[in-house]
Each structure stands twice: as C-alpha cells, then as structure tokens.
Amino acid sequence: MGEFGEKSTTCGTVCLKYLLFTFNCCFWLAGLAVMAVGIWTLALKSDYISLLASGTYLATAYILVVAGIVVMVTGALGCCATFKERRNLLRLYFGLLLIIFLLEIIAGALAYIYYQQLNAELKENLKDTMTRRYHQPGHEGVTSAVDKLQQEFHCCGSNNSRDWQDSEWIHSGEAGGRVVPDSCCKTVVPGCGRRDHASNIYKVEGGCITKLETFIQEHLRIIGAVGLGIACVQVFGMLFTCCLYKSLKLEHY
C-alpha cells in the first residue's frame, strides 16, 4: 500500500508539473499579448490623449504594459520553479501571479469606469480644449491632435463647425481670416478654412465629440477585455500552483 501511495503521489506531482508548465508557456504568450496591447495603445492610439482631461486612459495602457512585462518574467520563473520543484520559488511565483492578477483587475476596472464617464468628460472639456488651446503656444500636442481628429474622422468642431466662432486663435490675427482651421476642409489646402460652406468643410451631425467618444470606447473595450480575460485565466495558474505546492509538501514529509 505504501509503495502504491508513493507511486500515485509521484504520478500526480508529474501531471501537475506538466499542467503548470503548459500553463506557463501559454501565460508567457498571454503576457506578450498584454504588453503588445498596452504598447499599441500608447504608440498608435494615443494621439488624442492631449484632448482628454483625465489621465485614466493613459494610466490603463501603462498598467497593461507593466503587467505584460511582469507576466513574461513570471512565466519564465514559473517554468523554473516547476521543474526544480523548489517550494520557495513556487511561493514567489504564486505571489507574483497574485500581483499580476490585481494589476489586470485594476486595469479592467479603470477601463470600465472610464468607459462610463467618457461622454460626460468630453462634453464638459472637449470644446473648451479645442477653442482655447488650438494653435496656442505650448499646446502643440493639442493642435496636432485636433487637426488629426478633424481629418481622420471627417468632422469640424466639438459639436459642430460653429464652435470655432469661440476660438481664441480664430479671433487672433494669426488665423489669417480663417473661420475654421484648414483641417476642417474636405480637401486641405493652405487658407481653405476661410470658407465654411458645406461643400468645402465637414459638417457632420454630432461633431467630433461623438467620433472621438466612439473611437476611445472601442479601445477601452479591448483594454478591459484583455485585462479581465487574462486575469480569469490566471486563476487556473494559481490553482495549479497551490496543488503542486501541496503535493511537494506531502512528498517531502
């Protein structure tokens, strides 16, 4: 009976080791995906961050990058801990899994909360940002973001083209007689913003605010889904780790 019990325990331990190793390989790839989503958001989808009053969108992306890096390191540590059968390494591995789990839950929660608050924030701040900071010294990022927003989404002004009547730049001598920025034009040529007829500029119902809101919400959904999805998978990793730790403890005694 003793020999049978020892063989059963050893067999169970081996199975757990391979389960955890398989999990760690998948986990490492998941970490790469999480980091990629965070970097993708920062590098390619962050053009409009200067138009947002809150830093939540940016913070969420940074959390994903950090979580992705830690996940990859943890995955490598998990493989090492599994095959060396070192219980102290398994404890460290479990602790890191727990930290990553919390980071991804926070990222997902922030994305969800900001998703709910985005409409109110844009309504409160976007028009003011566009009219007061466009083409103003020290706000080159806002100017670039507004021009890209209006050209990429074929819109003009926060709510409509009339918003530009309140622009500090339009009322200054620097506007050169323009009534809207040139980026409002369907075909951008220098000075085209002097004529705001519908045949010349974009007059989209809802203005740029609805376009920007939809754009950011789509990416918040991706960030939230990735963060929470990987967090759910990690529960299995923590479970396998606990089982292997317990199995090694029983064999030790």
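Heads up, the Cβ atoms here are built off N, Cα and C, so glycines get one too.
Judged by membrane topology as recorded in Swiss-Prot, GLU174 sits across the membrane from CYS243. Under the three-state DSSP scheme, CYS242 (S-palmitoyl cysteine) falls in the helix class.
Neighbour counts were taken as the number of other C-beta atoms within 10 angstroms of each residue's C-beta; across the recorded sites CYS11, CYS15, CYS242, the minimum falls on CYS11. Closest by Cα distance to CYS243 (S-palmitoyl cysteine), from the recorded positions CYS11, CYS15, ASN159, is CYS15.
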